[in-house]
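If you check TrEMBL, you get these features:
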| type | residues | note |
| --- | --- | --- |
| DOMAIN | B:45-119 | domain 'Phosphoribosyl-AMP cyclohydrolase' |
| BINDING | B:Asp92, B:Asp94, B:Asp96 | Mg(2+) binding site |
| BINDING | B:Cys93, B:Cys110, B:Cys117 | Zn(2+) binding site |
There are 2 protein chains.
Amino acid sequence: MSSFVFPARSTTAEIELGTTLQPKFDADGLIPCITTDHLTNEVLMFAFMNAESLAHTLRSGKATYWSRSRGKLWCKGEESGNVQRVKAILTDCDQDVLLLKVESIGGVSCHNGYKSCFYRQLSEDADPSDEASLKLQFVARRLIDPAKLYKK
Amino acid sequence: MSSFVFPARSTTAEIELGTTLQPKFDADGLIPCITTDHLTNEVLMFAFMNAESLAHTLRSGKATYWSRSRGKLWCKGEESGNVQRVKAILTDCDQDVLLLKVESIGGVSCHNGYKSCFYRQLSEDADPSDEASLKLQFVARRLIDPAKLYKK
């Protein structure tokens, strides 16, 4: 899928407590990526990267994902202008997840016009045996009309 | 895999801008879950849930995941005591990711003895064409010896 090669996985000790990046790409060549605001830690979005998009992110300094729906590299903000400048990249203990800390240019990371994709919270009364109780409440304000975000 | 049923997926408009929880479980019955500290927003860990673990989380108020490696329900902290009390559950625009805000009892969410699983940061000089540059730096302090965390 990609000609970019990251260091191979080695021992559990090296992966979990070592100092070499050895990311685990799954059978589809993808690794989950959590993106947060570098100042507030707020989770902005969740997406996937492949080796090519990780390499592109490192080279450009701008968050670049792999769009599974479109099957292509997704340079965040290339249409909307809401580019994410990467301030830090972390990985987790078993190196099968990435965490990006970004400066969100424009302040809108969600295609629906919100700062974060996580703009709805499950009701505190949610009961799995009562479908009617499984309600979401909006906990964020829409910052821009999506129609203005993508003005192609 | 599970007898717990959440509301079925409906229209894109309802999924993205509606008020009914309609989580997307993938072909394996799983949904990614990001867990953060409810006070600081720091990302503590990333795991998967299935319908059963989401139902268990809602009923118990304690974060419960699905362990893919062990193929069973994973009540976080049942061995280590580091239970995560759920303060809020959010979902993203297309409802295929969950975000938990938790109070981490004991303050250690990583099995390696760190507050967060994301205790290593990629070097700012990382260059995808230079494998030797792909180095991780520890950015957190280990809080407890893992041997003391799991004293079975």
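Cβ atoms are placed via backbone N, Cα and C, with glycine included.
Sequence-distant neighbours of B:Asp94 (Mg(2+) binding site) (same chain, six or more apart, CB under 8 Å from its CB) are B:Ile15, B:Glu16, B:Lys24, listed in sequence order. Fewest other C-beta atoms within 10 angstroms, among the binding-site residues B:Asp92, B:Asp96, are seen around B:Asp96. Confidence across the domain 'Phosphoribosyl-AMP cyclohydrolase' (B:45-119), taken as the mean pLDDT and rounded to a whole number, stands at 96. For the domain 'Phosphoribosyl-AMP cyclohydrolase' (B:45-119), the number of residues in each DSSP class (helix H, G, I; strand E, B; coil) is 10 helix, 29 strand, 36 coil.
All protein chains considered, the CB of B:Cys93 (Zn(2+) binding site) has 21 other CB atoms within 10 Å.
Using a 10 Å radius centred on the Cβ of B:Cys110 (Zn(2+) binding site) and all shown protein chains, the other Cβ atoms total 23.
Every protein chain considered, the tally of other Cβ atoms within 10 Å of the Cβ of B:Cys117 (Zn(2+) binding site) stands at 26.
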